[in-house]
Amino acid sequence: MRCLNMIMAEPPGLITICLLGYLLGADCTVFLDHEDATKVLSRPKRYNSGKLEEFVQGNLERECMEEKCSFEEAREVFENTEKTTEFWKQYVDGDQCESNPCLNGGICKDDINSYECWCQTGFEGKNCELDVTCNIKNGRCKQFCKLDADNKVVCSCTTGYQLAEDQKSCEPAVPFPCGRVSVPHISTTHTRAETLFLNMDYENSTTDYENSAEAEKNVDNVTQPLNDLTRIVGGKTAKPGQFPWQVLLKGKIDAFCGGSIINEKWVVTAAHCINPDVEITVVAGEHNTEETEHTEQKRNVIRTILHHSYNASVNKYSHDIALLELDEPLTLNSYVTPICVADREYTNTFLKFGYGYVSGWGKVFNKGRPATILQYLKVPLVDRATCLRSTKFTIYNNMFCAGFHEGGKDSCQGDSGGPHVTEVEGINFLTGIISWGEECAMKGKYGIYTKVSRYVNWIKEKTKLT
């Protein structure tokens, strides 16, 4: 301050001398000591709020907080690509997981302009919103699905198959497992199980017709259809071995019905086909009834079991199912193979897939002559309401309709007792038995089938089928 007073009072020459002294650190005290200077230059450290705080270290504040940095600059701070990437996802566009978008216990992982949910077992989807237990997509199992004690999906297979390495698919465990077409020249895959399961409402599919109010009809309300042995008009000619579970039932003179191989000793057919006075011969491996093809196997029936609820005097087509025991076991091969029988729930589910295959040597057109070569037809399932409206006859809840409204295609006389099968991932399951109908292939009329799902427990009990 003394120097400043001198500058104001003295002439210019003295001012020059005073300024020189100032620059040389003379008596003018204008510089602060070290401690005071440090206080002036210091500033409070920034606080980094939010999830980014855990990433801030080293020179990150200078590199990326005070000004926008590049990924490479951030990498220099972390010296670790994984940590840098995790920081970068939040740094660029904020935390996408802040709103907790993942459902059902899913864990959210932030990404640039997006996020990823790591779902708990049994759930999937963008936000883990989809239940992938057995109720949806069948747990991705190709055949059967159930939940274990921890509510985790466990897949399983029908008899003669085992789980493949993926624990979802099924592969043969025996040379000639049920429901499998093994003749090399025949393509077997008409449908894919995954597609079918994906397109189904599985929970609703297990609801049987018996829950329908329209199905509650008294079994004593007896009305008989027009055709006694009704049940392939407009079908295609099968190749040898294409339906190896199909059998032909013959009396002493003529063939009269069809059937399906359950195992080496048992065949299932329609109860109305059985006449106690007629000895039945079962022909397996048959294709052309007018030629010997050396694939045929003939067996005599030694015991017939009609379903205990079947009563032809009350109604000839209610509980229309019977089992035939053979005198000797069939020899299984590519032309003689049993059909698969699932449990009640899955048999009903497979039926609801919508399409099935029927086969037989019945009449190839209404009032025509029987076929000599095995015929087959793909038929759509008809909803129950439409089925009931199509006929004046009683349709019980142990029956279902299949066929075409426009007519021209149907099972027909002589096909009775034959199989209605549904293919699931190349494996065929019995879902119906050809039973009856009004004429054959008439417009607005459908084929009526015995619903096998109602009888699978009985079939397995009587035939010892596991």
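Even glycines carry a Cβ here, placed using N, Cα and C.
For the residues Asn204, Asn221, Swiss-Prot attaches the annotation N-linked glycosylation site to Asn221, which does not rule out the feature elsewhere. The disulfide bond recorded by Swiss-Prot for Cys119 reaches one of Cys108, Cys128; that cysteine is Cys128. Per Swiss-Prot, the disulphide partner of Cys97 among Cys102, Cys108 is Cys108.
Of the listed residues Cys141, Cys170, Cys141 is the one Swiss-Prot pairs with Cys155, by disulfide bond. Distance from the CA of Asp320 (active site, charge relay system) to the CA of His272 (active site, charge relay system) is 6 Å. Shown in sequence order, Pro240, Gly285, His287, Thr289, Glu290, Thr292, Thr295 are the same-chain residues outside Glu286, Asn288, Glu291, Glu293, Glu296 whose Cβ sits within 8 Å of the Cβ centre of the Ca(2+) 8 site. In the set Asp110, Asn288, Glu291, none of the binding-site residues has a C-alpha within 10 Å of the C-alpha of Glu76 (Ca(2+) 3 binding site). Not a single one of the recorded positions Glu82, Glu286, Asn288, Glu296, Asp320 has a C-alpha within 10 angstroms of the C-alpha of Asp111 (Ca(2+) 7 binding site).
Secondary structure at Asn288 (Ca(2+) 8 binding site), taken from DSSP and collapsed to helix, strand or coil, is strand.
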